[in-house]
Amino acid sequence: MSRVLIIESSARQQDSVSRQLTQQFIGQWQAAHPADPITVRDLGKDPVPHLDSTLLGGWMKADTQRSVTEQAALDRSNQLTDELVAADVLVLAAPMYNFAIPSTLKAWLDHVLRAGVTFKYGETGPQGLLVGKRAFVLTARGGIYAGSALDHQEPYLRQVLGFVGIHDVTFIHAEGLNMGGDFVEKGMNQAIAKVAQVA
């Protein structure tokens, strides 16, 4: 049995392609692995706060030195990190915003990239602590950017996931969605077909 954690990050609730891909993934995964528990955290509906001095204080201070607000911020951050640590499979649904990821997803990453929890510093440098997990990244893009210099989404996510030890990462891009004509249908069909293969 594998525990699946899905992170939705689209600001759109209706007509979101990344959400459509997520639903496709969930359906395929449940059909193949009906006993696997799936947790969905929707950053579009319930965004996590960006890093601030309160959370940093919660991270840096001893238990007896934290204020009530610092402890509350730390508890929320710990919940996000615990969800990731407990998962065997991570699914990130990420539309491309201005060549990169939504700020809500960046905020989530800032919570879960935690020294001593998801990575550590050793004599040879940083070491990821989430080795053995798999990740799938489902993206939606208005243009065609895969492999180009304008794609700051896939390289960044590969880097941060690898930093915490997740190296088995599969990207599925739905591209050309704002280009009209046959691009939309082709982009969606290709992405859906790939989701069916991996799930």
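Numbering starts at 1 and runs along the chain as it is shown here.
Heads up, the Cβ atoms here are built off N, Cα and C, so glycines get one too.
All annotation found in TrEMBL is predicted automatically rather than curated by experts.
Among the features that TrEMBL reports, domain 'Flavodoxin-like fold' is placed at 3-197. Averaged across the domain 'Flavodoxin-like fold' (3-197), pLDDT for the predicted model comes to 93.
DSSP assigns Tyr97 (FMN binding site) to a strand in the three-state reduction. The feature FMN binding site is assigned by TrEMBL to Ser10, Ser16, Val17, Ser18, Met96, Tyr97, Asn98, Phe99.
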Using the residues the record lists for FMN (Ser10, Ser16, Val17, Ser18, Met96, Tyr97, Asn98, Phe99), what whole-number Å value is the largest Cα to Cα distance?
17
Which entry in the list of binding-site residues, Ser16, Ser18, Asn98, has its Cβ near the fewest other Cβ atoms, using 10 Å as the limit?
Asn98
DSSP-derived structure type at Ser18 (FMN binding site), helix or strand or else coil:
helix
With the fewest other Cβ atoms within 10 Å, the residue among the binding-site residues Tyr97, Phe99 is Phe99
